[in-house]
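This report refers to the structure that appears directly beneath it.
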Amino acid sequence: MSELVIKYVGEYNVEGDKTKAAAVFKSAGIIETITSLFAFGLIWLLAPLGAQFFAKDIATTNWFILYGLIVLANFMIESSTGLLQIFDRFKIIAGTTVGQSILTLSLVGYVFINQGGLYEIVLVYMAGKMAGAIALAVSALVVATQQWGFNWWR
């Protein structure tokens, strides 16, 4: 989705057609979100199969589902990254990536110091990744509003 957003939103933005640019971004975000929901549904359905063949233990099914939640967290990351690139917000992308990494490292360190187990490590790792993905999505929505006004989503 990032390439689609860069190509078409960038093109319409250069032409000064904010309505089409916003429509492409909105459509890309909606499609990406629906795709994430569909992908998570598949993960949920196929988790028992994955547990049986990869982990060789059907009891690990919930681990596959839990880790699959990352797909939902990244619901709009490609579209958001593309939009931020178009409007030269590379510092936001870099800052979010660094912040996400620091948060994840800190949380994992906290769990380690407190002698947490694998479950806690997976949870805090996912929390760090989710925080980064949500921060990018919110940043992209803020930039879209700055560029196209408050009614861009209509």
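Using N, Cα and C of the backbone, Cβ positions are placed for all residues, glycine too.
Taken from TrEMBL, the feature transmembrane segment applies to 28-47 (among others). Long-range contacts of the transmembrane segment (28-47) within the same chain: residues 1, 4-5, 9, 61-62, 64-65, 68-69, 71-72, 74-80, 82, each at least 6 residues beyond the stretch ends and with a Cβ under 8 Å from a Cβ of the stretch.
Cβ atoms under 8 Å from those of the transmembrane segment (59-77) belong to residues 29, 32-33, 36-37, 39-40, 43-44, 47-48, 50-51, 122-123, 126, 129-130, 133-134, 136-137, 140 of the same chain, restricted to positions at least 6 beyond its ends. Annotated transmembrane segment per TrEMBL: 59-77 (among others), in sequence order.
Annotated transmembrane segment per TrEMBL: 89-113 (among others), in sequence order. Tertiary neighbourhood of the transmembrane segment (89-113): same-chain residues 81, 120-121, 124-125, 127-129, 131-132, 135-136, 139, 143, selected by CB-CB distance under 8 Å and a gap of 6+ residues from either end.
According to TrEMBL, the feature transmembrane segment maps to 119-144 (among others).
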What else in the chain is close to the transmembrane segment (119-144), if you only count residues 6 or more beyond its ends and a Cβ gap under 8 Å?
-> 22, 25, 63, 66-67, 69-70, 73-77, 79-81, 83-84, 87, 89, 92-93, 96-97, 99-101, 103-105, 107-108, 110-112, 152
